[in-house]
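These come from Swiss-Prot:
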type     : residues           : note
ACT_SITE : 381                : active site, nucleophile
BINDING  : 307, 337, 449, 451 : substrate binding site
DISULFID : 326-353            : disulfide bond
DISULFID : 394-428            : disulfide bond
CARBOHYD : 135                : N-linked glycosylation site
CARBOHYD : 375                : N-linked glycosylation site
SITE     : 359                : site 'Transition state stabilizer'
């Protein structure tokens, strides 16, 4: 039976305010009962000065009052331990509600939320484990920051999915959980950046052409053609392999593999939606060429999917690699959001691939990702998400959109200034598709627009054709995020690269300092020095010049 009840609570902002007020009352009681000391108060204020909502941060952090404040690892660990059961409760609420809902899109949104809560809980548990077992090394410091940033992204994504088509009852059911979890995720990030500042040597050295997080074996694989790779599993439509479909192959991949599992997909068009779940780790999906091995689907928001669930291929198992494959969503521009590839796997490499769709083509959802030597086509927001992601040597190709639409290559989704996420486009080429080029004066295209308040995107050392409007960037909604975003351009070329007519927003920057540009390179934005080298993909750690 479809659930359709009147509003039980006020709208989201009202709910958010009530939670904050309630937490403040509790925190005041805690301070009185524990004899809150001046040093504790000072540290709490220092931490919460880093948060976008100081009052809610102070309320949250009062939970760990009385601990040895000098033991920074234990303070953050204790706070995260108190967060875990709350994430579990949100998971149970979403999962239980999904069983009682008849509306397919609402059910999908709730199942998305359940998956996202499960992923968040795993990351929080992993973070607690690091804090419990070891002093922070350069690598574990990087991991913690990336994972805690991803937890916040998961919570926001759940809320976004509910906004796409859920009833007020379903939104109300989940909002109280999600608003608190978002506040907690922001607070954990504030604790982290205050108590564990990045060390000056946080970027590990690069050996040879590869960051150290890419194993020697993976380096060899990424430099090898698919036909020359010795696979563990072969998928072939003609029956000559181990399986005829990708989904059969995914089911056969061992869970939580410590070694690389290679799945070779032979030439053919595979019409299926494929999900590499959290336990499908260290998978390498390799085809026989981006024009020969094609995985295609057509899920879309208009026909009842959520943006998150519309992906033709989704991967959330860490260490995912894809090479020599085309990922496609054929829904068309009239179907609006329709994702070809969604990645929520840490330390992902996408090499020599083609990714084709229209709106929301590629969804680098969260964590560290690297894309090299690939073609991506789309219309509106066709690279969107909140990963720490670098694109190198890629072709980014706006295509002909529907009348009344404007092409935007990026829509970056950073929601908190303490998240270490952002999109970097380096040494790429931006030009119109064959169908757009004759009419590009009629259909405008831009480098990006700010999806979320702290959106962060840099285009550097790239070729920009005249397909890009002289303004360069587009507003999302009037003056939303124009002061808090960070959009930058550095040493680009081509007829569309001139900056004299660019937007005059406070958050837009023409970068002249190499030191600033370096922050958006492989070595710094995605800590490539600690993991990319082992994958074998070619990359440039710093600036090209």
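Just so you know, glycine gets a Cβ as well, placed from its N, Cα and C.
On a predicted model such as this, the values are computed, not experimentally measured, just so you know.
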*Enumerate same-chain residues with a sequence separation of six or more from residue 394 (disulfide bond) and a Cβ-Cβ distance below 8 A; give 'none' if the list is empty.*
371, 372, 373, 374, 375, 376, 425, 428, 429
*Integer Å distance between the CA atoms belonging to residue 359 (site 'Transition state stabilizer') and residue 337 (substrate binding site)*: 5
*asked:* Nearest by CA distance to residue 135 (N-linked glycosylation site): which of the recorded positions is it, out of 353, 359, 381, 449, 451?
replied: 451
*What's the CA-CA gap between residue 326 (disulfide bond) and residue 449 (substrate binding site) in angstrom, rounded?*
26
*Listed recorded positions are 353, 359, 381; which of them have CA atoms within 10 A of the CA of residue 451 (substrate binding site)?*
381
*C-alpha of residue 307 (substrate binding site) to C-alpha of residue 359 (site 'Transition state stabilizer'): distance in Å?*
10
*residue 359 (site 'Transition state stabilizer') versus the residue listed as 'active site, nucleophile' - Cα distance in angstrom*: 6
*Other CB atoms, at most 10 A from the CB of residue 428 (disulfide bond)*: 23
*In whole Å, note down how far the CA of residue 353 (disulfide bond) lies from the CA of residue 359 (site 'Transition state stabilizer').*
18
_substrate binding residues 307, 337, 449, 451: largest Cα-Cα distance, in Å and rounded to whole number_ = 18
_To see if you understand the setup: which same-chain residues, six or more apart in sequence, place their Cβ under 8 Å from that of residue 449 (substrate binding site)?_
381, 408, 410, 411, 473, 474, 475, 476
